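The block underneath contains the structure these notes are about, expressed in structure tokens.
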Amino acid sequence: MDEDSSMVADNDQDREFQSLDGGQSPSPMERETPQQMNDQSPPPEGGSVPTPPPSDPNPATSQQQAAAVVGQEQQPALVVGPRCAPTYSVVDAMMDKKEDGPGPRCGHTLTAVPAVGDEGTPGYIGPRLVLFGGATALEGNSGGTGTPTSAGSAGIRLAGATADVHCYDVLSNKWTRLTPFGEPPTPRAAHVATAVGTMVVIQGGIGPAGLSAEDLHVLDLTQQRPRWHRVVVQGPGPGPRYGHVMALVGQRYLMAIGGNDGKRPLADVWALDTAAKPYEWRKLEPEGEGPPPCMYATASARSDGLLLLCGGRDANSVPLASAYGLAKHRDGRWEWAIAPGVSPSSRYQHAAVFVNARLHVSGGALGGGRMVEDSSSVAVLDTAAGVWCDTKSVVTSPRTGRYSADAAGGDASVELTRRCRHAAAAVGDLIFIYGGLRGGVLLDDLLVAEDLAAAETTYAASHAAAAAATNSPPGRLPGRYGFSDERNRELSESAADGAVVLGSPVAPPVNGDMHTDISPENALLPGTRRTNKGVEYLVEASAAEAEAISATLAAAKARQVNGEVELPDRDCGAEATPSGKPTFSLIKPDSMGSMSVTPAGIRLHHRAVVVAAETGGALGGMVRQLSIDQFENEGRRVSYGTPESATAARKLLDRQMSINSVPKKVIAHLLKPRGWKPPVRRQFFLDCNEIADLCDSAERIFASEPTVLQLKAPIKIFGDLHGQFGDLMRLFDEYGSPSTAGDISYIDYLFLGDYVDRGQHSLETISLLLALKVEYQHNVHLIRGNHEAADINALFGFRIECIERMGERDGIWVWHRINRLFNWLPLAASIEKKIICMHGGIGRSINHVEQIENIQRPITMEAGSIVLMDLLWSDPTENDSVEGLRPNARGPGLVTFGPDRVMEFCNNNDLQLIVRAHECVMDGFERFAQGHLITLFSATNYCGTANNAGAILVLGRDLVVVPKLIHPLPPALSSPETSPERHIEDTWMQELNANRPATPTRGRPQNSNDRGGSLAWM
């Protein structure tokens, strides 16, 4: 049948499926009335929809059109506090034929899918928006675009619900209708969809036959020709429902919440762990105050694992204005928290999507034929600042403007977003909206807005947040979102048991940068803005490194396939299996229960030692001890991504960067912690014969050592140096040097690799370290990094430096000789059998230390296994909320590993701490996995652009770990022409202030990427 005659207007009650909501026996439903389902009243006079300004149809500008169309009204301006909600404009998208476009519809979904492959390579597919399902017709108006025959009887025809798929290519600005292989889902509307990698997961909804089954349908878009799959899920699940929400949390958990099961609105929470097979739904009972039973809300997940549920309509058909955050504790508990800030309006049947830390909310209905309009039709919840903004200002009280029944006129930009039952998705900094319903008229327009604040979370925003939340009611989180885990605070206060003590960063941030790094993981998407060229250069350089190692990785994988390498039962994140279906490699959450690590012995000292960066003046050489909780930037790793054009990296020059080089002569010439100056002449002071002698002596020592060194405390641990010999000398000067006049007689030295490349003085660095190894072979220890490989350091500066400073013939010979020595370097070090030190990480393949011990040396990267690749190349995931294995943004085939892998490894090997290097971190050190892993980086201002601090770890006999830091030096006052080390353009992101800002007080909120002991949600 075409209509459900039982559905009649009933004041403000939405009985869209009366036989379902009313508890009567279900029967097929085929339409909804706008008064009931959509709460719409008649369209504007004449039945027309305001015509948006035309866009440039020129295909040549299609890639920039979406950003340009919003840029006209959003000129750069001085921002004091959070930016207001952006303005939307119409995109004039192209299509080859009419049916390629989705046409008018509502109740559909729009899902952003990241790019596949590398741009410029065969098979590359750019970022896309995938539109599925929805209702395409209204009762009394089959076309859905004109004036209905009667405003009161115009309803949504569920007989017109579809299961078609349309794809919008963001780069080409073009719609295409897809015809995937496989069995599609049944036609439906009011369903949910979310992306899992390059797959779109569909669930629930309602169609011509009533409620859709609870099956999970997956549209795999990895290949050129998409394919539908049905996911087999065991046990009971959410059951059939519509008007619910679903999101992927922490890149792992599919969360389904609320909706209507045909009888009543719901408030239940279901989770499906995509890493655990067989798949099964688990009903959660989160702690804290959660949302009431409701439907037509929105849910969007932030990249760090926070799910935000916003708005909706409760069991009494009352629209909601509240927002709730849901996050997972490290012990497996889930908890709700009410989001701070004042929402500008209640709403339901709206759309919401995160762009970094900002939740963009658009449109929505209020009931009684009213829709959200005026400046509140578009709103932003800035989760970094803890405030709501509409298109005009920060919201301090609910808006009380008019909510007329579809009144025409007014601001055209506001009119564009005055709609409900539409869908939204984000690609980079761009927010797209498609379709929906306004005044009984189905819409078919594609809107776009640019979030100019995507990379901004300013100091002023933090102050605005604090001011806005001064009078927050009980149960709300004041100021910035932050959920403090009291158990970890107690742990910090009871450190006498010897546990690893974790603190929260609070110290003067480098560069005065107060913003929380909440960049999304999927850096592959275009439009992601970075605040400086330096970070872009580091991203490009890291991608080039991955490109350089790709052949080696492919060879290692080939050996694995041929049976030469046996891997444990794990896979590589979302890599494709032979069947073409992406798999997941995260560990079951209940396995964490068996991963307990006895917190005895090792602990992180509650204070770190910091040296002022100034070389003179009142602060010159001043040493301070700061609380370990005072490092604002500890959670900020220099992000990696895949830039649009990653080419072979060139040598980076920085007049601050240096490195070392044979025994007593080398030590006498180079070990000058306070007096070393970069040589005026670049000619290296050793000849190739002397370097050969040094390498021969050191190589004999390395060959006699085990692959995993067995060391004792006390010991100093150094991270990446990358040819920055000046930083090595500064660390020796401030915290003791390896000489008889220094502290070598009572403390050992351990270096974690990456001695060469990037900096100007790789020869000095490696020469001095080798000389120290020969002179103090039982006290100075070196292990291998990923740059101690010929195929890498041929591209990133070391080979060029050898030729430049020793001539082509001798330079190439020396480069080959030192790389042969690198093949003998040990690969890890165990300290007191409680700490394991390595360069990269444990990746996907390393479960036991014995796997590392069994690697035979000498070994080249080309001949190495996946174990060697993981050991030298893998990284931790973005933060503690991202568990299991994920693809590594450094490049294809490389992985990141989550805190569950760290805990499992420590438990398997009776270890308490992993110390690794490999990644630039802003404070020189960074904690992960509740403090069971520390990333260490000793070179400051990495690549001349990162402006990061450098650090070492000092482990005492009492097994207390003390971080000791140095900050980047300010640029030299001498001119580039007269300076021995020529000034290079864009060396610094910005100059450091002559006087650093005052140290913030203890106890300030942690940033959202905290790797310490508390759970910072927002």
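Quick reminder: no glycine exception, Cβ is built from N, Cα and C everywhere.
Here Swiss-Prot flags 1-75 (among others) as region 'Disordered'.
Among the features that Swiss-Prot reports, compositional bias 'Pro residues' is placed at 41-57.
If you look up Swiss-Prot, you'll see 63-75 marked as compositional bias 'Low complexity'.
Positions annotated as repeat 'Kelch 1' by Swiss-Prot: 149-195.
What Swiss-Prot records for 430-479 is repeat 'Kelch 5'.
Here Swiss-Prot flags 569-590 (among others) as region 'Disordered'.
Taken from Swiss-Prot, the feature phosphoserine covers Ser627 (among others), and the record attributes it to similarity to another entry.
The feature Mn(2+) 1 binding site is assigned by Swiss-Prot to Asp720, His722, Asp754, with similarity to another entry given as support. According to DSSP, Asp754 (Mn(2+) 1 binding site) sits in a coil region rather than a helix or strand. Around Asp754 (Mn(2+) 1 binding site), the same-chain residues at least 6 positions away in sequence with a Cβ under 8 Å from its Cβ are Gly719, Asp720, Leu721, His722, Gly785, Asn786, His787, Glu788, His839, Ala917, His918.
Per Swiss-Prot, the feature Mn(2+) 2 binding site maps to Asp754, Asn786, His839, His918. All protein chains considered, the CB of His918 (Mn(2+) 2 binding site) has 25 other CB atoms within 10 Å.
Per Swiss-Prot, the feature phosphoserine maps to Ser975 (among others).
The region 'Disordered' feature in Swiss-Prot is assigned to 994-1018 (among others).
The binding-site residues examined here are His722, His839; by Cβ neighbour count within 10 Å, the least packed of them is His839. Per-residue confidence over the repeat 'Kelch 1' (149-195) averages 85 (mean pLDDT, predicted model). Asp720 (Mn(2+) 1 binding site) falls within a strand segment according to DSSP. The local packing around Asp720 (Mn(2+) 1 binding site), expressed as other Cβ atoms within 10 Å of its Cβ over all shown chains, amounts to 28. Residue counts for the repeat 'Kelch 1' (149-195) under DSSP, split into helix (H, G, I), strand (E, B) and coil, are 3 helix, 19 strand, 25 coil. The Mn(2+) 2 site is set by Asp754, Asn786, His839, His918; from the centre of their CB atoms, other residues of the chain with a CB within 8 Å are Asp720, Leu752, Gly753, Arg784, Gly785, His787, Gly840, Leu872, Trp873, Ala917. Same-chain residues with CB within 8 A of the center of the Asp720, His722, Asp754 CB atoms, the Mn(2+) 1 site residues themselves not counted, are Gly719, Leu721, Gly723, Gly753, Tyr755, Asp757, Arg758, Gly785, His787, Ala917, Phe937, Ser938, Ala939.
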